[in-house]
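The domain 'Nudix hydrolase' annotation in TrEMBL covers 1-130. Residues or ranges marked as 8-oxo-dGTP binding site in TrEMBL: R23, H28, E34, F35, P36, G37, N119. Look at TrEMBL and you will find G37, E57 tagged as Mg(2+) binding site.
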Amino acid sequence: MKRVHVAAGVIRGADGRVLIAKRPLDKHQGGLWEFPGGKVEDGESAEAALERELAEELGIAVTRSRPLIQVRHDYPDKQVLLDVREVLAFTGEPHGAEGQPLAWVAPEALPDYRFPAANRPIITAARLPDRYLITPDEHSADELLRGLSSALQQGIRLIQLRAPSLSDRAYRTLAADVIELCKGRAEVLLKGPLEWAADFPEAGWHLSAAQLRQLAASGRPIAFGRWLAASCHDALEMSLAASLEVDFIVLSPVQATVSHPDAVPLGWPRAAELLAGFTQPVYLLGGLGMADLAQASDSGAQGVAAIRGLWPGWVDPSGATRTI
Ligand SMILES: Nc1nc2c([nH]c(=O)n2[C@@H]2O[C@H](COP(=O)(O)OP(=O)(O)OP(=O)(O)O)[C@@H](O)[C@H]2O)c(=O)[nH]1
Ligand SMILES: [Mg+2]
C-alpha cells in the first residue's frame, strides 16, 4: 500500500485559538475533527500543497508557514504521512468553503475533541510552545525566582525546574514556589523521583534518561494525565520514550555545551536523522538559543530547549545580550 502524503495546517487566531474542521461523514475517518489540509500532489512541496488546500477548503491565502511535526500512521485501510505545518501568516477570513463545520478551539481544549488516531502527537505539538526553558543550577532561590519572573514576562510558557545541586528538601520547597509563580502563565515540569508527583498535582514531570530506562522495563505506557517528558540521547532512548507514550522529548546534545563538557555532540545532521522517524514533539538541546529556532524547526523539531540560551539577560560569548 502506498503511503498517502498529506499536508495539514495548525492555524491560530489572534486570541491563540486553533481552527479545526469536521470531516464529512462519507470520507476516511469521517465525522471526526481534523486540521484542515489534504493530499500532496506529485512533485508538489508540502508547503505549496498546504497553500492550495487551505485556499480550496477555507478560502484563505497562507503567506508564511513553518514545519511543526511529521506523523506516520498506519490505519487498517490506509497509511498516511501527515506533514503538519504551523501557519504563521495568512490573509482572508477562514470559512467552510466545502460546507464543513469549523470550530476555533483553545489549545488546551483540543484533547476534548474527537480526532483520527494519527492526530495525538499533532494535538500535543499544537499545545506546546517553540521553546522550553530549563532552569540554571547556579543561582540562589531568590535569583532563580526573579529570573523566572522575567522569563515569564518575555513569553516563556514551558519550564523544567532542574536543580541537581539542591537537597531534596530545598528542591521541593523551591518547586512549590516556582509552581505558585507560574500558575496560569506557564507549565512547569519537575525533575526528581516520580513518587514525588503526588505531592505536586499541578506539575508535569520530566524523566531523566535513567528513569526512562527503568520505567520502560515495566513494558507499558504510563497514564500520567499531565505533561510527561523525557530526556533522550540516542535512538534507543527515543524508542523507550515512544513505548512509554511520553508527550514529548528533549534530544541532546546537539552542540557542545558548558553544562555537559564531556558529552559528544550529535551535530545537526544526526539530530535531524533521529527526528525523522519519531512521531512525538522533540525539543533540541545543547548549546542552542533563540538564534537556532529556525534550524531546529527545519530539522523537524518542535523547537529549542536551553538553559543559558533562554535565561533572561544571559550574555553570550560574542558579548551580545540575548533577548527572548
Ligand atoms: N487533512 C487532514 N487529514 C488527516 C488528519 N488526520 C488524519 O488522519 N488525516 C487523514 O489524511 C488523509 C487525507 O485527507 P484528505 O482530506 O486530503 O483526503 P480525503 O481522502 O479525505 O479526500 P479526497 O480523496 O476527496 O481528497 C485522510 O485519510 C485523513 O483521514 C488531519 O488532521 N487533517
Ligand atoms: Mg482535506
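The backbone N, Cα and C atoms fix where each Cβ goes, and this holds for glycine too.
Known features from TrEMBL, placed on the structure.
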| residue | record | CB count, 10 Å |
| --- | --- | --- |
| R23 | 8-oxo-dGTP binding site | 17 |
| H28 | 8-oxo-dGTP binding site | 13 |
| E34 | 8-oxo-dGTP binding site | 22 |
| F35 | 8-oxo-dGTP binding site | 25 |
| P36 | 8-oxo-dGTP binding site | 26 |
| G37 | 8-oxo-dGTP binding site | 24 |
| E57 | Mg(2+) binding site | 20 |
| N119 | 8-oxo-dGTP binding site | 25 |
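Between the alpha carbons (Cα) of E57 (Mg(2+) binding site) and R23 (8-oxo-dGTP binding site) lies a span of roughly 11 Å. Broken down by DSSP into helix, strand and coil, the domain 'Nudix hydrolase' (1-130) contains 30 helix, 52 strand, 48 coil. Those same-chain residues not listed among R23, H28, E34, F35, P36, G37, N119 yet with C-beta within 8 angstroms of the centroid of the 8-oxo-dGTP site C-beta atoms are V6, A8, I20, A21, Q29, L32, W33, F115, P116.
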